[in-house]
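Q: Just dropping this structure here.
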């Protein structure tokens, strides 16, 4: 009990000297909330556009029916392997376990609580697929039961987010890249295996990223780098910039291709198939890159707000008698 009281006294003392030693900047928290809500809103916007419009349902159906026939031979083996439910669950849980163990080893108790609540909320959100309507607009072969959001995609993205939130600064950029690769691989595989539509996957990644940013908004000292060791990260700056910029460019290209194939969607024109498939894969990659790029950047500014005390550490304490 004395140790706990002593730690609390130290935290209060540090907060008086420099509030940034125990909590992120207010501006960082606001950015997390704003971008978190924005990603969630975009996720529901994607769902609405692909569920409540004829072109949206036609696009989803066209990709769902044809993607598995349009995958290059070198990627077929990967898609067949990842399109196994047990493998997705096993790899995702392993990624999350690494993150959880890292947080526990580092004694980041508040951070462990953050990721626990985040995981529970993500699990709860997967249940909304039974509540979200899917009106009949066109005849479809894809099962209505496997609707948005995709549980497997949310699992893969959420576990990758847990890893990103818990690892130290030195490997944050690597964790962000792992998150993008795993989320895209699982997202494309569930379309390839005809489990889900492209909009289900895109919505899932956006919801996970949005919820993760909201969780970052309540970051405390447990989820921050140690005072005296806070520095800017070159790897985070480079990788984060590449992911965000690359994600926006891929989304722009995907949107352009979708615009080109719109005239052929309602009649399932054969000339529109390849364009629809390419735009779906590129769009999912763009969503994942943008989402994890934002997470990586905002994780860094929340964990390491630079200030004089944060850079040089707490002042020396008098010796204990």
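Any Cβ shown, glycine's included, is placed from N, Cα and C.
According to TrEMBL, the transmembrane segment annotation covers 30-49, 81-102, 109-128, 148-167, 174-195, 201-218, 238-259, 279-298. Marked as domain 'Phosphatidic acid phosphatase type 2/haloperoxidase' by TrEMBL: 111-216.
Quick one: where do these features end up spatially?
A: Residues 63-65, 67-68, 71, 78-79, 82-83, 88, 91-92, 95, 142, 146, 150, 152-153, 155-157, 159-161, 163-164, 167, 201-202, 204-205, 235-236, 239-240, 243, 280-281, 284-285, 288-289, 291-293, 295-296 of the same chain sit 6 or more residues outside the transmembrane segment (174-195) yet have a Cβ under 8 Å from a Cβ within it.
Non-local neighbours of the transmembrane segment (201-218) in the same chain are 29, 32-33, 35-40, 42-44, 46-47, 114-115, 117-118, 121-122, 125, 148-150, 153-154, 157-158, 161, 165, 183, 187-188, 190-191, 283-284, 287-288, 291-292, 294-295, 298-299, 302; each lies 6+ residues outside the stretch with a CB under 8 Å from one of its CB atoms.
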Q: Against which stretches of its own chain does the transmembrane segment (148-167) lie, if we need a Cβ under 8 Å and a gap of at least six residues from its ends?
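A: Distant Cβ neighbours of the transmembrane segment (148-167) are 43, 47, 51, 85, 88-89, 91-93, 95-96, 98-100, 102-103, 106, 108, 111, 114-115, 118-119, 122, 125-126, 128-129, 132, 175-176, 178-179, 182-183, 185-187, 190, 195-197, 199-201, 203-205, 207-209, 212, 215-216, 223, 288, 291-292, 295-296, 299.
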Q: So which residues does the transmembrane segment (279-298) touch in its own chain, when a touch means Cβ under 8 Å and the partner is 6 or more beyond its ends?
A: 28, 31-32, 35, 39, 63, 67, 157, 160-161, 164, 172-173, 175-176, 179-180, 183-184, 187-188, 191, 198, 201-202, 205-206, 208-209, 212-213, 216, 236, 239-251, 253-255, 257-258, 261
Q: Can you work out which residues elsewhere in the same chain, 6+ from the ends of the transmembrane segment (30-49), have a Cβ less than 8 Å from its Cβ atoms?
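A: For the transmembrane segment (30-49), the sequence-distant neighbours (Cβ-Cβ under 8 Å, at least 6 residues beyond its ends) are 56, 132, 148-149, 199, 202-207, 209-214, 216-217, 291, 294, 298, 301-302.
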